[in-house]
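**Student:** Dumping the structure here so I can ask a few things about it.
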Amino acid sequence: MDKFWWRAAWGLCLVQLSLAQIDLNITCRFEGIYHVEKNGRYSISRTEAADLCKAFNSTLPTMAQMEKALSIGFETCRYGFIEGHVVIPRIHPNSICAANNTGVYILTSNTSQYDTYCFNASAPPGEDCTSVTDLPNAFDGPITITIVNRDGTRYVKKGEYRTNPEDINPSSPTDDDVSSGSSSERSSTLGGYIFYNHFSTSPPIPDEDGPWITDSTDRTPATRDQGAFDPSGGSHTTHGSESAGHSHGSREGGANTTSGPLRTPQIPEWLIILASLLALALILAVCIAVNSRRRCGQKKKLVINNGNGAVEDRKSSGLNGEASKSQEMVHLVNKESSETPDQFMTADETRNLQNVDMKIGV
């Protein structure tokens, strides 16, 4: 039992260590815009997104800045926060990215957790893939923050960047998701590193029918092994020459704008480990109780004999091959008279003759 509790304490320590580490995957900068993914899944709230960009000496980008980055090849397959919206920049249509739409795809339901996009005003123009080696505005803290660049290089720093207590100790679990993409690149996360496959980009093709806007809540299935999908909620995209805050792009095949499957909550890892330990403890307790009952619950046989009769021990076999159960036996031996019927007849005749003699004498 002591060994069990030692293992349980060790497991809880490992859970706490895993919660005290943050991995930040960063893409190249396109006109100062870049994508940041935390711990390989959608796990950044809107308040944390602003704090994270601030830690990188950046800000949340505006829609105009996103459109400018899109025009030079910035493309991902991940939802992320910008100023006032949750978007995906798309150049090439893909059924599992932005519901097969192109342009800056806007998700109208933005109450959950996503990735974030940041804008660094001091970044060089065009595409910049220089490795990020610092988190300049982070303050002191116990968290181990690891910055993973596109080329696999890492920068590790102890500190903290979150200012909202709910972001530090979230009350609701985050959702696991697929890996992120980057501008003009499709990426996949493996062991904390990001591998990129470049492909050529082309500017958006305008639609001959002019501006349009669609709205729909239809849902299309998506597979996790192919790329990111659209979280729950209706979404929309715009096309053509619209005002600031809408996207410019093309739509392929006239397909309706759709959103992906519902985001299902995931049980935290520490809760799974704790439940497993409790279940193991319960199983061990039941086994110990059953074993103790088998040892202490055996019955002994009681034999009462007056010494004149023979006692035959009987054993009853249990069902299904179980051990035979002891029986409590009380054997009573009655002593029978040893006189024979002839002896009884002789005694009666003697008494009768005595009575006759007495009568004759009288």
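Placed from the backbone N, Cα and C atoms, the Cβ positions cover glycine too.
Feature annotation from Swiss-Prot assigns N-linked glycosylation site to ASN25, ASN57, ASN100, ASN110, ASN120, ASN256. Taken from Swiss-Prot, the feature domain 'Link' applies to 32-120. The region 'Disordered' annotation in Swiss-Prot covers 160-186, 201-261. Taken from Swiss-Prot, the feature O-linked glycosylation site applies to SER180, supported by similarity to another entry. What Swiss-Prot records for 225-269 is region 'Stem'. For 232-247, the entry in Swiss-Prot reads compositional bias 'Low complexity'. Positions annotated as transmembrane segment by Swiss-Prot, on the basis of sequence analysis: 270-290. As annotated by Swiss-Prot, phosphoserine applies to SER292, SER317, SER326.
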**Student:** For the C-alpha pair, I'd like the distance in angstrom between ASN120 (N-linked glycosylation site) and ASN57 (N-linked glycosylation site), rounded off.
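**Tutor:** Cα of ASN120 (N-linked glycosylation site) to Cα of ASN57 (N-linked glycosylation site) measures 7 Å after rounding.
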**Student:** Quick one: of the recorded positions ASN25, ASN57, SER292, which has its CA closest to the CA of ASN100 (N-linked glycosylation site)?
**Tutor:** ASN25
**Student:** Please work out the helix, strand and coil residue numbers for the domain 'Link' (32-120) from the DSSP assignment.
**Tutor:** 22 helix, 33 strand, 34 coil
**Student:** What is the average pLDDT across the region 'Stem' (225-269)?
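**Tutor:** For the region 'Stem' (225-269), the model's average pLDDT rounds to 43.
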**Student:** Can you tell which of ASN25, ASN57, ASN100, ASN120, SER292 has the most other C-beta atoms within 10 Å, given these are the recorded positions?
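**Tutor:** The residue with the densest Cβ neighbourhood is ASN25.
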**Student:** Could you round the CA separation between ASN57 (N-linked glycosylation site) and ASN25 (N-linked glycosylation site) to a whole angstrom and send it over?
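**Tutor:** The Cα atom of ASN57 (N-linked glycosylation site) is 16 Å away from the Cα atom of ASN25 (N-linked glycosylation site).
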**Student:** Cα of SER292 (phosphoserine) to Cα of ASN25 (N-linked glycosylation site): how many Å, rounded?
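**Tutor:** The Cα atom of SER292 (phosphoserine) is 55 Å away from the Cα atom of ASN25 (N-linked glycosylation site).
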